[in-house]
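Okay, so here's the structure we're looking at.
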Amino acid sequence: MVILKSKAEIEEMRKAGRIVAAFHQAIADMIRPGVTTLDIESFAVRFLKEKGAKAYTIGYNGYPYATCASVNDVVAHGFPSRKPLKEGDIVTIDIVAQADGWVGDSAWCYAVGEVSREARDLMRVTKECLDLGIEKAVVGNRIGDVMHAVQTHAERSGYSVVRDLLGHGVGKEMHEEPNYPHVGTPGKGFRLKEGMVLTIEPMINAGKAFMTVDADGWTARTADGSLSAQYEHTIAITSDGPVILTAQ
Ligand code: MF3
Ligand code: CO
């Protein structure tokens, strides 16, 4: 069942969204060679506590951390680690906060120092995929319209879109219906309605779309070892167009 949100509820959801956005702004300056993703995790735990928000992912299906830290070939759900980030890495930090009962979910990919042209291009195109998807997230369009824009831009750039992890509704819970991949056909799929709150969170691989999951049960990697990037926002579908609840 898709739970539509009233205008007042969407206003209430802004708080969690703003906390997530402020977190990403704060870590942008922190991420450099030598920093560990466990340092970022500790910062996240303190930051959320200070803002009066709950770290939603701790204990979610047994997930142990407030953040996911996905370095280089890790597509998503990487565990924060004590291994220092090094010059040239790219790292996607994903965080889900719950405030006043409502959830905000946003992932952002960061360059560690100077990165290769290949990494820089992948990050740019992935962010463009998110932005092109958001543009299409208007009342009356279908999810296929949104994801066709994402898929086309990624594939024209020579990249592939991960199929195995899905976008989702967001509300009092992190994962609500509907669920959908980041590929699609114009005119197909569910219609976007006023009051839907959804993530758009393309995971784009420099190589093939296939991924594997490590023995830890979480860490998703590209099967071919290629780089992967992700940007994610939580979006409200309104009569005035898409509202980015996690905008920085
Ligand atoms: N942002 C992720 C998503 O879109 C949530 C982290 S999943 C976790 O589903 F379970 F690993 F925490
Ligand atoms: Co999400």
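Glycine is no exception: its Cβ is also placed from the backbone N, Cα and C atoms.
Going by what TrEMBL states, the divalent metal cation 2 site holds Asp105, His168, Glu232, and the candidate of Glu41, Glu50, Glu201 recorded there is Glu201.
Site annotation for divalent metal cation 1 in TrEMBL covers Asp105, Glu232, and the matching candidate from Asp89, Asp94, Asp121 is Asp94. When the alpha carbons of Asp94 (divalent metal cation 1 binding site) and His77 (substrate binding site) are compared, the span between them is 8 angstrom. There are 28 other CB atoms within 10 A of the CB of Asp105 (divalent metal cation 1 binding site), with all protein chains counted. Cβ neighbours within 10 Å of His175 (substrate binding site), excluding its own Cβ and spanning all shown chains: 16. The Cβ of Glu232 (divalent metal cation 1 binding site) has 24 other Cβ atoms within 10 Å, all protein chains considered. In terms of Cα distance, the binding-site residues that sit within 10 Å of Glu201 (divalent metal cation 2 binding site) are Glu232, chosen from His77, His175, Glu232. All protein chains shown were included, and the count of other CB atoms within 10 Å of the CB of His168 (divalent metal cation 2 binding site) stands at 19.
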